[in-house]
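Please read the structure below before turning to the comments.
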Amino acid sequence: MAVASSSDVAILALGVVLAAAYLFRDSIFSSSTPKAVPVAPSKLANGHGNPRDFIAKMKQGKKRLIIFYGSQTGTAEEYAIRIAKEAKTKFGLTSLVCDPEEYDFENLDQVPEDSCVIFVMATYGEGEPTDNAVQLMENLTDSAFEFSNGQHRLEGLKYVVFGLGNRTYEHYNAIARQVDAELANMGAVRIGERGEGDDDKSMEEDYLEWKDTFWPAFAEALGVEEGQGGDTPDFAVTELESHPPEKVYLGELSARALTKTKGIHDAKNPYASPVKLSRELFQVGGDRNCVHVELDIEGSGITYQHGDHVGVWPLNPDVEVDRLLCALGLYSKKDTVINVDSLDPALAKVPFPVPSTYISVLRHYIDISAVAGRQILGALAKFAPSPDADAFMRNLTSNKDEYAAVVTNGCLKLGEVLQLAAGNDITVHPTPQNTTAWAIPFDIVISSIPRLQPRYYSISSSPKLNPTSVHVTAVVLKYESIANKLTTPRWVHGVGSNFLLNIKHAANGETAAASEGLEYVSLPAYAIEGPRGAHKAEDVYKIPVHVRRSTFRLPTNPKSPVIMVGPGTGVAPFRGFIQERVALARRTLEKNGDDALADWGQISLFYGCRKSTEDFLYKDEWPQYTAELKGKFTMHCAFSREPPYKPDGGKIYVQDLIWDDRKNVADAILNGKGYVYICGDAKAMSKAVEEVLARILGEAKGGSEADGAAEVKLMKERSRLMLDVWS
């Protein structure tokens, strides 16, 4: 081994001493005065705090109100923002409007005593919370969940609840009621009464009635006085003299659509899907329409499952766009490029991509085709072009019976109300010459009218048979308004379904047949070529869509019996269900031979329509499915307007067919542990079907209808009875 010399040792020792001196230089050479240690700035102050801590955000922004919304389609969020805006206008109080999915609730007990928590909660499905409120509800209902005080208690917390529901559903406003009960049980104190909005009648009127009593109670509880706020705008709208045309949104729904770059397609970036095929499903020449549309998703990255929903992004009809442009005095500069900035980003986000143009905003981005709300009319009255128009608007705002008779029953849109108030004729096509202009700032229009939302349809195909296309089955909404002292009955057209009808007409080179006596103004036409013509390539039209997942699914085991109830377009998802089973049957038969389906459960479809010759959807397809499923599929049809009728002459509906087949139905459910699916009208059909199921099951178990109702409830809890219904 090598031996170190004395000089090597000396050099090494010197190195150690110098290194030690360098490392401890501050201690060896510092003065006796201690050195000041700089204090690191607050992470929260630099925007780096816990982004899920709403208490810190409240304190940082000096907010006294925090509003959580449970929203599936955006409506609850809209009402949450409305409450925040009114608190600011009335009392000068600023709010934090929050998606509960983005926050933690361990410190809910730390809300300051002079503050308040407001819950705006929609009820979804079978009494379930919306997707973004699942965690919030779990925290509130779990007695083992501890807040920062180490307990499941919220003593003295001031709270408010407004619920959104639909009375035609069994679990009306269940989530709002549950939030209220859980908070009260934990010692929290509610301000005012719990509000409940009913979408089956008028959510708007329920909200207005509730807030009239809520705000006084709120002012007393928080010790504030009305009049401390101010009428401040939410947005600043600026007309741009020059801007690169390729960077202006003319109806594109996302930045990727504008720049034509690839990306994931979802609700924030819909896919412009080419229409592969479109056809009429009802008898040609009848007074009703039902369109079948096949959307090409090949190469889009979009996938779907049977039972999912497709969101179709429509646009407003040309006549309503022209009407509002004229009423706002903007027709001559409809193509002017505008930018929109939020003056309070925490409260009011710009609801659409900018910069844009006046006409693009009205056509593609805000819902000008909805019935005008009473509160909106009140905000616009001060801009009336004449004393008579002002009086007209204020009367509608203050007199809810007058509003209901004229606006609600007349199905009047905002542009039509402005025309009527100014004495204009709403039965002719609007022009600047026949429409009085109102000096309404465009920022108020943006603040007052909600974003145009997608229309959702149950997908009527299975990816097992149609992997590159999504099928839509849509009955076209058209009905007459109720006459009143200002308007005669007029045809009212649904935005989404008539948009699809327009696409079908154009794609097939058809001419829309005008109904007898129908004025031009009532025939909706749409700019279906899309922004910059992007939604038309040669003779192929495109529709912006995205897929929304659903839990409405067949049981994975084909041995389980399946009962499906879907009259009218309620049959749409069941076409997808049957296609799913047909695809599985083909593979099974190919692999295991002709007897491979022998142990499969029976599949029963109860379907109803008016007449077998008029509106029997997919009439030619069902026999083919029956043959492929080797007798495992049975279809029961009720035609309400053709024989046979009941002994008393009454019409036969799907619930009557279910009762007639009660022995097999009871056996499939009780002995076969089968699954039941209901799709369609929630107001009458769904309730009637559940009632007859309760009768059948109660009788089969040797008990009462109440026993049967308990069995129905148990089936729902175990996901053996599933509903996809609407009102």
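Using the three backbone atoms N, Cα and C, a Cβ is placed for every residue, glycine included.
Listed in TrEMBL for this protein:
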BINDING   71-76, 122-125, 164-173, ASP199  FMN binding site
BINDING   ARG288, THR569, SER640, ARG641, LYS651, ILE652, TYR653, VAL654, GLN655  NADP(+) binding site
BINDING   ARG455, TYR456, TYR457, SER458, THR473, ALA474, VAL475, TYR479, GLY494, VAL495, GLY496, SER497, TRP726  FAD binding site
DOMAIN    65-215  domain 'Flavodoxin-like'
DOMAIN    268-538  domain 'FAD-binding FR-type'
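Shown on the structure are the features that TrEMBL records.
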residue	record	contacts (Cβ under 8 Å, 6+ apart)
SER71	FMN binding site	GLU77, ALA80, VAL120, ALA122, THR130, ASN132
GLY74	FMN binding site	PRO450, ARG451, GLN453
GLY125	FMN binding site	LEU723
ARG288	NADP(+) binding site	PHE282, VAL475, VAL476, LYS478, ASP615
ARG455	FAD binding site	GLY311, VAL312, PRO314, VAL495, GLY496, SER497
GLY494	FAD binding site	VAL476, LEU477, LYS478
SER640	NADP(+) binding site	GLY608, CYS609, ARG610, LYS651, ILE652, TYR653
TRP726	FAD binding site	GLY680, ASP681, ALA682
Exercise. Over the domain 'Flavodoxin-like' (65-215), what is the model's mean pLDDT?
Worked result: 93
Problem set entry | binding-site residues compared (ALA122, VAL475) - the one with the fewest other Cβ atoms within 10 Å | VAL475
Exercise. Across all chains shown, how many C-beta atoms besides its own are within 10 angstroms of the C-beta of TYR169 (FMN binding site)?
Worked result: 24
Exercise. In angstrom units, rounded to an integer, how far apart are the Cα atoms of ASN166 (FMN binding site) and GLN655 (NADP(+) binding site)?
Worked result: 22
For this session: Among TYR169, TYR172, TYR457, THR473, these being the binding-site residues, pick the one whose CA is nearest to that of GLN655 (NADP(+) binding site).
Result: TYR169
Exercise. Could you give the maximum C-alpha to C-alpha distance in Å for the residues ARG288, THR569, SER640, ARG641, LYS651, ILE652, TYR653, VAL654, GLN655 that bind NADP(+) per the record?
Worked result: 24
Exercise. At the level of the C-alpha atoms, what whole-angstrom distance separates THR473 (FAD binding site) and TYR172 (FMN binding site)?
Worked result: 28
Exercise. Any idea what the Cα distance is from TYR172 (FMN binding site) over to TYR457 (FAD binding site), rounded to a whole Å?
Worked result: 23
Exercise. Whose Cβ, among the binding-site residues TYR172, TYR457, TYR653, has more other Cβ atoms within 10 Å than any of the rest?
Worked result: TYR457
